[in-house]
Every structure is written in C-alpha cells, then in structure tokens.
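Some notes on the structure that comes next.
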Number of protein chains: 2
Amino acid sequence: MDDLSHSSSFVAKKDPTLEILKMLGINFGLSVAAGFLAYYLMKQYIPIFIQRKLYGFDQCKSEKLPVPEPMGVIAAAVYLIFMFLFIPVLFVQWIHEEISFPYVRLLSLLSAIISICTAILLGFADDVLDLRWRHKLLFPTLSSLPLLMIYYIAGNSTAMLLPVFVREFLSTTYLDFGFLFYIYMGMLVIFATNAINIIAGINGVEVAQGLVIGASIATFNIIQIFRLEHSLTWYQGLSLCIIGPFLATSIALYILNRYPAKVFVGDTYCYWAGMTLAVVGILGRFSKTLMLFLVPQVFNFLYSVPQLFHFVPCPRHRLPKFDSEGTKKLSMSLVQFKATDLGLLGRLFVWLFSTFGILYKREFMKDDERWIEVNNMTILNLILKFTGPVYEYQLTYFFVIIQLICSIVAFIVRFYIARLFYEVVN
Amino acid sequence: MDDLSHSSSFVAKKDPTLEILKMLGINFGLSVAAGFLAYYLMKQYIPIFIQRKLYGFDQCKSEKLPVPEPMGVIAAAVYLIFMFLFIPVLFVQWIHEEISFPYVRLLSLLSAIISICTAILLGFADDVLDLRWRHKLLFPTLSSLPLLMIYYIAGNSTAMLLPVFVREFLSTTYLDFGFLFYIYMGMLVIFATNAINIIAGINGVEVAQGLVIGASIATFNIIQIFRLEHSLTWYQGLSLCIIGPFLATSIALYILNRYPAKVFVGDTYCYWAGMTLAVVGILGRFSKTLMLFLVPQVFNFLYSVPQLFHFVPCPRHRLPKFDSEGTKKLSMSLVQFKATDLGLLGRLFVWLFSTFGILYKREFMKDDERWIEVNNMTILNLILKFTGPVYEYQLTYFFVIIQLICSIVAFIVRFYIARLFYEVVN
C-alpha cells in the first residue's frame, strides 16, 4: 500500500510532481549548508582530537605523524543534525491532515534514522573500544528490525518478477520470497555496514566508495523520479533526500581525507556510509539494484573469504606494503606459509585463484620444506598485482575507476540488459 | 486524538486491559534478561576499557587506581538492543490491520528511541572528546524535534487545566499554551539531559538518581494504568515499557558503580538517563509531574546559577574535598575570592543564600584586603554543610534519601494537594 496514492497531491502519471521538486530543492540547499558546516567543524576539531589522543599513524608515509581519527563522527553528527531539521520540513505540509497524514512515510524515515544513528554509535564505539566481531554483527541486525517491520507494514512486495524464460518452467510470473526476502534485506544491512570497512586503509578510499556508490544511487533516484508512476516516486525522492546530505558531508570529509590525509575517517564513517546506503536501498525499493553498485565490495568479500575464514593464513594487517626507504610506492603485501599448513579448502582456493590469474603465487624451499607465498586476498592487493608498485594516490584512483566502471555497467544491466529478460523494466 | 480509542482492544473503563498486562509481562521478562546481559558484558569490557586507556581516576580515594569510564555506554547499548527487540513484540498484534494500525503510537516510540539513541551518541562523544557547550545544547534540542512533531500530530493537548480559584479571574477552565508548551517541552529535554550530569562525581550518585526518578515514574505509571480511562493507559504502559529496561540495566550498572566504584558511568549514562526520563514524561503526558520528581535537580541547578553564570567565581572542579591523609572523609569544597571581585548580582546571591542558611560564608583579611570564602554551590556541598564531613558512601546515601523524600512529596502533591485546586485529578 502506498498511503497517499489516492491523494490529490500528485498531478499526472510520470510527471515529477511539484511537491517532490520542492522537497528536493530544500534538501539540496540544506545539504550544501551541511557540507560547509561539516568542513568547518572538522577543521575545528582536528587539534581537539590530537589533544584527546584520538589519532592513528599513516602506515603508507615515511614520516609517522599523528592523524586525527575517527573524524567521520563529526561529519556523521552534522548529517544527523541536518536530518533532524529536515524531517519537519518534509512533513509540515500534512501536519493538519489527521486522516490523510502519510504515517507510513514518516515511520519509514524515522526507522531509517534509527538504523543510521545506531550504525554511527556502533562505529564510534568500535573506533574507541575495538569491539568484538559478534557484537558488531548483532547490533546492526537488531537496529534494522524497525525498518524491516515498517517495510512489512507498508505492505511492500517481497515478490520478484521472474525473467520471461524462467516463467515457463515455474508456471508463474512472480515468485514470492516472503520471509526469505526479509532475511535477504537483513543480510544486506549487515553486508553493507561492513563492506566499506573491508576496503580501507589507504588515503581517501573509504569516502571515495561512499561518494561513488552514493552518487550512483542519487542518479538512479533521479532517473526513476522522471520515469516511474507517481505512487512510487515519493520513496525515490526520500532516498534522494537521505543521500543528498550524506554526499555533501562526505565531500567535506573527502577533502580532508584525500592524499595526503589530514584526517582519518575511522570505522565510524564506514558503518555510517554502509548503513545509509543499505537503508535507502530498502526504503527506495531498489535493494537488488543496490547490489549491482556494490559489485566491487561483493567481489572483495568473496575474494577475502579464504583468509577471513582462515582456510589460508591471514596476517593481522593486509594493507599493501609501503616502501618507505626506496620508491615510496605501494606494492602487494604477501603472506608466506608451509604448503602443509593448507587444508583441502585452502589448497582449492589457492589453485582456483591462481589458475584464473587473480592470485600472485610463488613456491620456494626453506629448511627442506615446501613454502608458498601468495598476496593477501584484498581487491587493493589484486589491483597492485596487475599494475605493479604505484603511489598511494594512484591506487585510490585505480580503485575509484573500477568502482565507477561497475556503476556504469550496473546502469546498463539495470535498464538495458534487463529488457532482454523482462517485457517491462521498472 | 488517540488512534485506537475506538477499537475493541480495550474492555472496560478503568480496567487495565489484558493487552497492557501482557505487554508489561513480556517487557518485565526481557528487562530482567537485559539487566543480566548488561552486567555480564560490563564485567567483560572492564579489562578492554583499561587496555584502550578509557579510564579515569577516583578523586575521592587515597589510592589513585584507573577506573574504566564511560561504562554507561555498554549498559546503554544493551538497552538499545532490548528496545529494538521489543518494538516488534509490541506491535506484531496489529501488523495485519492496515486501517486500525496504531501508527501514531509506533511513531511516538520510534521518535523516543531516536532521541535516546542520539543522547547516548552525544554522551559517548562528550566522554571521549570533551565537546563544547554550544554543541552539547544544540544536539539534544534538534534530536527531540521528531518527538515534539509527533506530539503535535497526535493532537495532544497543550492546554493546562486551571486551578479552580484561578478560573474566576481568567473566566476560562483551560489555558492553552500552544506553541509555548512545545518550547517548555524542548527546554525540559535540554534540562533533563544535563540535570543528572551536574550532580555527579561521587560513587553511585548518577545511577542512584536515575534509579530513584525512574522508579518513581514507573510507580506513577502503574498507578495511572489502574486509575485512568482506557484511552490514556496505553501511553502510561509505553512509558513503563521504556523505563523498565532502563531500570534493569541501571541496576546492573549501579552494582559496579556503587562505593567503592569498579567502573565510572561517564557522561554517556547521564545523557542517556536524562533523555530517557524526559522522553517518557513527554510520551506519557506527565511532563509536569516529572518536574516534581526532578525537584532536587532543579534546586541544584538554581543553586548553581551564580557559579554557572560566573556571578560568583567558579573553579574548574566543584566536587566535595577528600581528606586523603587524615579522616578519609569528604567535606565541602570552598572557593575564595576578594570581596571586590563580586559584582552586584554576585553580592546579592551570596547575601541571599547565606541569609537563608544555605551557604557557608567566612570573611577574612589578606594583604589588607577583605576576602570571602564560600562553599561551591552544589547540592552535594550543601548536604555536607549540614552534616559535616562524612564518608563518600554516606554522602551518596544522604542524597538518595533526599531524592526519595522528594519523590514521596511529589506523589502527595500530585494526588492529594491537587484535589484542593482541581475538582478532578487525572
């Protein structure tokens, strides 16, 4: 059910309504203000972070100077302040309409803010306390419960339109995943909150991910607002309104975090960004399209599985190696282990990855035993396998280009390839 | 409007419904579990806090050992987890009723959680970063906007029933404060979030306030559930459900924070507790009764005004003085200044307070100038003025007794004295 689909607020089919344009205009203005405020406040808090001993050391620089961390918490706080101001702006027009008040819309927004706020709290606590893994998985799962419940209350579909050629086999047009779809959304939330955190550690790379994926979502929202029926556009607009200030505050953070980094973003930014992306995907009913934007993150996760689950030995840090004496460039970081240390699955993964050419592998003899050396299984090391040693800022650029290409491919898949399988593309 | 007042869920007037009793039963069970979980997790995190250098030193002990701080963040996180689990439990019964779904109730609860979650984030950031005052005031104000907006949407009254003898003068029974009432609620939120933070610094005193005020609110809610018409009881029940797990996790924290403190609660606890109390007061429509429970905090604030606004010199710390060499007891901390340093208002306050016997004052000559010595203006120092030096745990007890007496007086005022001015007491 869309709780206002019968209202007169919307003018004509496929026309972006004045309402939505007005709301986007205000949002844009406030977003710009939020970006400037975030930049100004972060600059102010740099000495305070140093004074409170909240800093890390840049692993990829010759000079080890303290860099304030987690500065993401300031950007996130500004973001929240902005959202609190924006809620009344968005809903004041209906405030006297007891019957036609869009309760479900407000519920959706509030539950989204709860998830985002909780992710910020979790990230900040993780930065300060180094939380345990099981606590880090439990918290975002539970904090997304309100969001999923309201998805249910709103009567959103959990059915998937089947591709034309599959329909014949299953003799049905839609496949209703029901409860499984909620499991999927819960997993999406957990995945997204951690996805950005895994590709981290070189200047600018975390915020760059947030910016590219966020901008892709915003572009998608804008396309959909102009393409879709009126009853669906509001949630696309809402998604855009949640992403707008996120992009603005992220840009402010990026300016300080890009090479050479004056601040570090911390887990706070990664969790905040991941949760914001997941939440708009669910709210805007495009969680499957979102997965297309997250392909580099999904790839990185799958590529990391052998080390994350310890089928292959995993050192504490898997960052690319910085040559602080010589070239000042980054190269793949490597891990060495005895061939006999690998179990069956470990051997399988190493064979599979090296056969497909996505793993550097060298065998050598030491103390009469066969040793194996492979690169640490992260997308950043994989890029370095192909490019050879590069400067830190170059590595970030290469990664951003990959993320951008994936977004472009995602749009092609979403709007053109999908035509081959469905007669109508939403 | 109460969005379910016409539903059949409620049986008879003045009977607490089965619905509410069931919801309270589940809440009670989950609260107990939350209390145990909080205790267990806090014990686990004690060494982690020390390792991460998150600790303070106890000013009122001879041995200066590091005490983990802010442990309130763990209790608060468990509280949030509990609330996330409880939301679906509370609303699952209506989940298929599109028309009669109590949207406003769910909105109220979600906006309450947003305010509470934001207060926890603010408190934790303040513990770690020592935020500036203006940032600390801005954040809770904005985070309570959704709550106040939903108070408006719910069509709650902003009118006050006038005492009988006033009605004649004003020729009206109700006085509608309109927008002013929202200003009042906003101020209540700011006041409450900071109220507990001001009476702090000796073992157990912060949590003890939270416990006494929280228990008073719970008692008030239970009385009202049995007394009131059915349409009003649900929000009393909701208030009880928000306070229940707060009390349980606070008890767990109190066990570790009482004299001699194994952990410190931090600003995190103070903001969390203050916001939770304010939020239930607003949600349960008893914000004026809440002020009666907060009398010691209001008194402490008014008593502190001369120092807070620097009419009287204010040292950085105003904690009672610990005699670490001799008696191991606490006595009033004092501040000395030249008589000529006081402005007009400063002289007025010192004269007023000492005339009423609530300020220790000594005058003496130094370097041919007249100096004045007074106690720091906090309720803890005032207690010590009357009791003389006592042990730390005794001071906490004295304060708790005062808080308890105020609660008892509050109940008498609320239910008996009010009869003298109103013909009906709600």
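Even glycines carry a Cβ here, placed using N, Cα and C.
All TrEMBL annotations are machine predictions without curation.
If you look at the transmembrane segment (A:20-42), the same-chain residues 6 or more away from its ends with a CB under 8 A from one of its CBs are 71, 74-75, 78-79, 81-82, 85-86, 89-90, 225, 233-234, 237, 240-241, 244-245, 247-249, 251-253, 255-256, 263. The transmembrane segment annotation in TrEMBL covers A:20-42 (among others).
According to TrEMBL, the transmembrane segment annotation covers A:71-91 (among others). Non-local neighbours of the transmembrane segment (A:71-91) in the same chain are 23, 26-27, 30-31, 33-34, 37-38, 41-42, 45-46, 49, 102, 105-106, 109-110, 113, 116-117, 120, 123-124, 127, 241-242, 245-246, 249-250, 252-253, 256-257, 263-270, 272; each lies 6+ residues outside the stretch with a CB under 8 Å from one of its CB atoms.
As annotated by TrEMBL, transmembrane segment applies to A:103-125 (among others). Listed as Cβ neighbours of the transmembrane segment (A:103-125) (distance under 8 Å, sequence separation of 6 or more from its ends, same chain) are residues 1-4, 70, 72-73, 76-77, 79-80, 83, 87, 90-91, 131, 136, 139-140, 143-144, 146-147, 149-151, 153-154, 189, 193, 234-235, 238, 242, 266-272, 274-276, 278-280, 283.
Sequence annotations record features per position, and here TrEMBL assigns transmembrane segment to A:174-200 (among others). If one looks beyond the transmembrane segment (A:174-200) by at least 6 residues along the same chain, the residues whose Cβ comes under 8 Å of a Cβ in the stretch are 115, 119, 122, 136-137, 140-141, 144, 147-148, 151-152, 158-162, 206, 209-210, 267, 269-271, 273-275, 277-279, 281-282, 287, 290-291, 294, 296-298, 300-301, 304, 378-380, 399.
Among the features that TrEMBL reports, transmembrane segment is placed at A:207-226 (among others). Sequence-distant contacts of the transmembrane segment (A:207-226), counting only residues of its own chain at least 6 positions beyond either end whose CB sits under 8 Å from a CB of the stretch, comprise 14, 16, 20, 196, 199, 232-233, 236-237, 239-240, 243-244, 246-247, 250-251, 253-254, 257-258, 265, 269, 273, 276-277, 280-281, 284, 286, 289-290, 293-294, 296-297, 396, 399-400, 403-404, 407, 410-411, 414-415.
The list of residues near the transmembrane segment (A:232-256) in space but at least 6 beyond its ends in sequence, with Cβ under 8 angstroms from a Cβ of it, reads 2, 4, 10, 16-17, 20, 23-24, 27-28, 30-32, 34-36, 38-39, 42-43, 71-72, 75-76, 78-79, 82-83, 86, 90, 105, 108-109, 112, 204, 207-208, 210-211, 214-215, 217-218, 221-222, 224-225, 262-263, 265, 269, 273, 276, 279-281, 283-286, 426. Here TrEMBL flags A:232-256 (among others) as transmembrane segment.
Counting same-chain residues at least six beyond the ends of the transmembrane segment (A:268-286), those with a Cβ under 8 angstroms from any Cβ of the stretch are 70-73, 75-76, 79, 108-109, 112, 115-116, 118-120, 122-124, 126-127, 140, 144, 147-148, 151, 156-157, 185, 188-189, 191-197, 200, 206-207, 209-210, 213-214, 217, 220-221, 224, 232, 235-236, 238-239, 242-243, 246, 250, 253, 293-294. Marked as transmembrane segment by TrEMBL: A:268-286 (among others).
Using a Cβ-Cβ cut-off under 8 Å and counting only residues 6 or more beyond its ends in the same chain, the transmembrane segment (A:342-360) has close neighbours at 303, 305-306, 311-312, 332, 334, 372-375, 377, 382, 385. According to TrEMBL, the transmembrane segment annotation covers A:342-360 (among others).
Feature annotation from TrEMBL assigns transmembrane segment to A:397-417 (among others).
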